[in-house]
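The domain 'DYW' annotation in TrEMBL covers 561-653. Per TrEMBL, the feature repeat 'PPR' maps to 180-210, 211-245, 345-379, 482-516.
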Amino acid sequence: MTASSVPVSTLANETISKLKRCKSMKEFHQIHAHMIKTNLVNHTLTISKLIAFCSLSALPNSLSYASSVFRRIENPNYFIFYTLTKGSCDYGDPLDSISYYVDMVSCLNELDKIAFSFPSVLKACSKLRAFKEGKQFFGQILKTQLWFDPFVSNSVVRMFVELGEIEFARGVFDKMPERDLISWNSMITGYLRVGEVELASQLFEEMPERDLVSFNTMIDGYGKCGRCELAEEIFRMMNEKDVVSWTSMISAYVINHHSSKALNLFREMLSLGVKPDVPAIVSVLAAIADLGFVEEGKWVHDYISSNKISLNSGFIASALIDMYSKCGYIENAYDVFRRVSHGQKIGDWNSMISGLAIHGLGQEALEVFLEMERMNIKPDEITFLGLFSAFSHGGLVDEGQFYFEIMQEKYNIAPKLQHYGCLIDLLARAGNLVDALKVIQHMPIEADVLAWKAILSASVKLGNVMIGEKAALRAIELNPNDSSSYVMLSNIYAKAGKWDDVAKVRLMMKQRGVRKIPGCSLIVIDRKVHQFLVAKEMDAGYGSNVHSKIEELVSRLKLEGYEPDLSQVLLDVEQVGKGSLLNLHSEKMALAFGLINTSNGAPIHIIKNLRICCDCHAFIKLVSSVYNRKIVVRDQNRFHHFQNGSCSCRDYW
């Protein structure tokens, strides 16, 4: 039977079936050519389906192809307009979506048939930040029966929420002829998005009924607003939870720096047989990175592999690279990176550059960046933040200044506050305080507290009281509750022997209710966390053993030339007392505990919340040589890998 003898309806049905199975533009082209030969291009249903499948396929160039077919149709119907409106909004240019809608109204002028297009048009307004146009469309809706369609009215609420116009959204919500769960959930989402926690909570209590989306929205919103305890309260009261509930709660813990709780909840999730989604895995890897517990990270990595979860799923690879880097295992991070570096996901490259940065591997970070360029992967703002950080920790001043210009001239990326902060930190660390101050004076935006603290930190190290004092007072002005600025100002006075000024700073802290953050070090032995606070006694069970071990270490190291650096004790006490205080630094206690409780030759990993002091740095270098141990310390800013009497930072930190 020839094609001409086959009934048109049969040909149309066969063609539509083929269109449903299309997976490439080549197949669409072939079917379109067949439609031209069989005159199906004049069959309304078939040509409508061709345009629909092209518009909504998300294939490269599919929208432009659908548009070219559309332009050859004399009398397009509302379904064709609808698919082009939706496709343009979801996969193309939102402005085209609005244009198609306007054409549809002028061609068809039947508002009852175009109701389905309104959600896409309103969504397009959201994407374009087109508040004025959105209000105009809303006005058009109010003049018709479409206002009584929940599908349309909910889209209006959602548009105003997305635009951040929460009062308009609430006005629409209050006037809606009919409110369903979607209406209530959208409004709650809007309040939480702008930080109106109390109003969101009030609306949540008023809901006539709630679903999983309602509870999950509250958990997610509370977490992002810093109200983790309220998120936890909602989570625990839920009778039914889905994977989104667990993921939202884990994410809330991570956002609010409750990393241990996030890890424990992830374990509970698995124990109950709930299979985590990719966002849950990414969040728990972030928690592990914060804690520095590499064994937990390896366990999650094994889970990913055994469950055949692709490293290219979501941000899995980036999260693994980040986790291994922040746990001190840069080689493992690099192994993961090499498995995915053939791809074009810039997040993986950024994570690797940032990981190399915190390990002080500036030259290696630059090599990764140059490889990016060779692969024609365009760097973004985050790429350069990681690169500048790597230069700063590596002391690569010339490279930092050069690529600061490259970022602007070659890639047209205007420096933001963080980029200027990295440049200031780079110069200050290298001792170029005057140049760093010049950057602050000439940058087009006002320097933030981090920039001034970079100047202050370098001033403490260099003993420059004049510049340090200026930087400290500016940092305190910008953030009067940040104890570190007061402490560094006190330290710079103490180094100069200006004890009266030290007393004034401490009095200022007391009057303002600002408390110094105590030095704290963590070490994990047999998957158990042991915490040490500076100058604090440990539990009676092993405190005496630790102090005895420190005394043994000091005696042994003195035979190798170790002399305690008493200048690191910034208290007005006798010289003898200063030596005792040095022995109570938290990283020394953690190190002693690690030597007692690990086998000979085993590496020791320590996590410290503040910058490691010069005395502890020299002390640990000697321990690594005398006791033949690899010791890794993660301090506030970076990693120090001690081995054979030297440190990876080359005494530059």
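Positions of Cβ are set from backbone N, Cα and C atoms, glycine also.
In terms of DSSP helix, strand and coil, the repeat 'PPR' (482-516) has 27 helix, 0 strand, 8 coil. Per-class residue totals from DSSP over the repeat 'PPR' (180-210), listed helix then strand then coil: 23 helix, 0 strand, 8 coil. Under DSSP, residues within the repeat 'PPR' (211-245) fall into helix, strand and coil as 26 helix, 0 strand, 9 coil. Helix first, then strand, then coil: DSSP counts for the repeat 'PPR' (345-379) stand at 26 helix, 0 strand, 9 coil.
Under DSSP, the residues of the domain 'DYW' (561-653) split into helix, strand and coil as follows: 37 helix, 16 strand, 40 coil. Outside the repeat 'PPR' (180-210), and at least 6 residues removed from its termini, the chain residues within Cβ reach (under 8 Å) are 150, 153-154, 157-158, 160-161, 164, 166, 169-170, 173, 217-218, 220-222, 224-225, 227, 230.
Long-range Cβ contacts of the repeat 'PPR' (211-245) within its own chain (Cβ-Cβ under 8 Å, at least 6 residues beyond either end) map to 181, 184-185, 188-189, 191-193, 195, 197, 200-201, 204, 251-253, 255-256, 258, 274-277, 280.
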